[in-house]
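J.: Here it is, the structure, as structure tokens.
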Amino acid sequence: MEFHLKKRPRHDVKVEVVSLESKYPHNVMLYHYPPTDDVHIEEFEELALERLRLLRVLDRAFTKNLRLLSDEWKEYVNAELTREGLRSYLRLCSAGGSKHESDIQTRRRDYLSHFILRLAYCRSEDLTRWFVAREMELFRYKFAALSSSEVKQFLESNGFEIHPLTEAQKDEVKDGLYESTAGQSVSKIELLDFYKVPFTDVLDLVRGRRCYLKAGFAYVNTLDLVSIVGTRQQEEIEQGLQAAKGLVEEVEGDERISRMLKALHNSYTGKDYTVCRDAAIPIESLDQLSKTSMPLCMRMCHEHIRAQHHVKHGGRMQYGLFLKGIGVTLEDSLRFWREEFTKKMDADKFARSYEYNIYHNYGKKGSMVNYTPYSCAKIIKEMAAPGDCHGCPYKSMDPSSLKTKMASYGLSASAIDEVMFFVSRGHYQIGCGKYFQLTHSASVEPTINHPNHYFEESQILMGNRQKRTTNGPAPPKARVRPDIKGCADRSMLMGDDDDELWRIAETQERAMQSQKAISEAFDDDLDLTEIEY
């Protein structure tokens, strides 16, 4: 018996391959269609942190009260983007859309990272408000760099039904255009394109009397056209954030993504100070360094330890990890804490109750994780109770006590007022930067986002350390004092400390409470049930 298989006709399925250049053709794009790219989890996190660093630069410019798109604002933002390693984004904020592969990749990263952050910033009104404000500043910066031809191309590709006035139409209203266009000469105005739109589309220009109104229409020049397209962009972002809320539960099904997105806004995105690459700082130099190079939060911790010979768990974590980050070795750290604590307790008690945690922080016991020094964002979140020395003093201290403390450190009344100007408005890190500038007689106020960064900048300014560079050949070896060394220069997201340390501490606390003599002397040492890590 023979069987003959009937061959079915073959239908070749053509897969349309869309090039990156066609998907991301312009530097300025409305974030309308969600991207369909496949993204690895590592790139997902990298893009999120990159975008966050970008938006934080704009946020710092905002908190410094720099007028958006002014020369001073652009100078500051450009310098900060360069310092943050984000120069590729500067090319998106310049005229002339390049077809170079690197620029196309930057457009892709720009587009993807925006949608990733929507998932993180749709979770509350405060986060949404911050995100929309920073994104609109970025959009305005990019749009302001477009040439007249690029603006026309943008309007056409995004379906804006507005067209520049013809010369005849422009001539009919030229007197009104001359009177309403501030800051431009007549010859310059004649070269500008103008657009006729309903006045309701540019209410911000109407309020500022920055456009000519006639018969219910506003005449807007190319330079102010961002008010029209900006309104559309803001609507797209706000509607997209609302849509992202519906995706949150689905996204949170992946725990890796969920944890990262929830913690993103408070993530530290600067240098990694976990491991110090240079020679150690001997503990004998800490007293002097606390006065010259430590930020207020760490100086107060150091003074508390020297005065009280004891500090609660939060203070030990904050200051101990800071010391590790600036270059205090494990052996010296054990010696420092032992010498102080044994002024109030015997060596056996110190070994039982405290040594393990020090080994643990250095990654030598337990889960073997080399813990990261606390960033400013984490320290500011800390809630210090009476008797604690950790946390951010600019936030936790009442204004009069903070002024008294800074005065005792040698600041004049006028200098204190400069710091308090920012502190009173909740800008604690800017206040810390101003404190640095005043105490170091620096010409530029640094951006402080990490206590170890404060220490490093101080040592560079004092000539005890050479600033590290990331581009070009390695710099010549710095001539430094043997007691002052630098730290690693890597960027990462500060991971959460694992739960093992807390289980260990809880076990130690229960053991301590079972010992009557110890509990009478140190009954307030650890209350881990109230610590939010």
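Residue numbering: from 1, along the chain as shown.
In case you wondered, yes, glycine gets a Cβ from its N, Cα and C as well.
Copied straight from TrEMBL:
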type    : residues                       : note
BINDING : CYS297, CYS376, CYS392, CYS432 : [4Fe-4S] cluster binding site
DOMAIN  : 287-455                        : domain 'DNA primase large subunit C-terminal'
J.: May I ask which residues of the same chain, at least 6 positions away in sequence, place their Cβ under 8 angstroms from the Cβ of CYS392 ([4Fe-4S] cluster binding site)?
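T.: For CYS392 ([4Fe-4S] cluster binding site), the qualifying residues are CYS297, CYS376, ILE379, ILE380, GLU382, TYR428.
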J.: Given a separation of at least six residues and a C-beta threshold under 8 Å, show me what packs close to CYS432 ([4Fe-4S] cluster binding site) in the same chain.
T.: PRO295, LEU296, CYS376, TYR394, ILE448, TYR454
J.: If you draw a 10 Å sphere on the Cβ of CYS297 ([4Fe-4S] cluster binding site), how many other Cβ atoms land inside?
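T.: A 10 Å sphere around the Cβ of CYS297 ([4Fe-4S] cluster binding site) contains 27 other Cβ atoms.
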J.: Looking only at Cβ atoms, how many others are within 10 Å of the one on CYS376 ([4Fe-4S] cluster binding site)?
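T.: Around CYS376 ([4Fe-4S] cluster binding site), other Cβ atoms within 10 Å: 22.
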J.: Apart from CYS297, CYS376, CYS392, CYS432, which residues in this chain have a Cβ no more than 8 Å from the mean position of the Cβ atoms of those residues at the [4Fe-4S] cluster site?
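T.: For the [4Fe-4S] cluster site the neighbour list reads PRO295, LEU296, ILE379, ILE380, PRO393, TYR394, LYS395, TYR428, GLN429, ILE448, PRO451.
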J.: In this predicted model, what is the average pLDDT of the domain 'DNA primase large subunit C-terminal' (287-455)?
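T.: Here the mean pLDDT over the domain 'DNA primase large subunit C-terminal' (287-455) amounts to 93.
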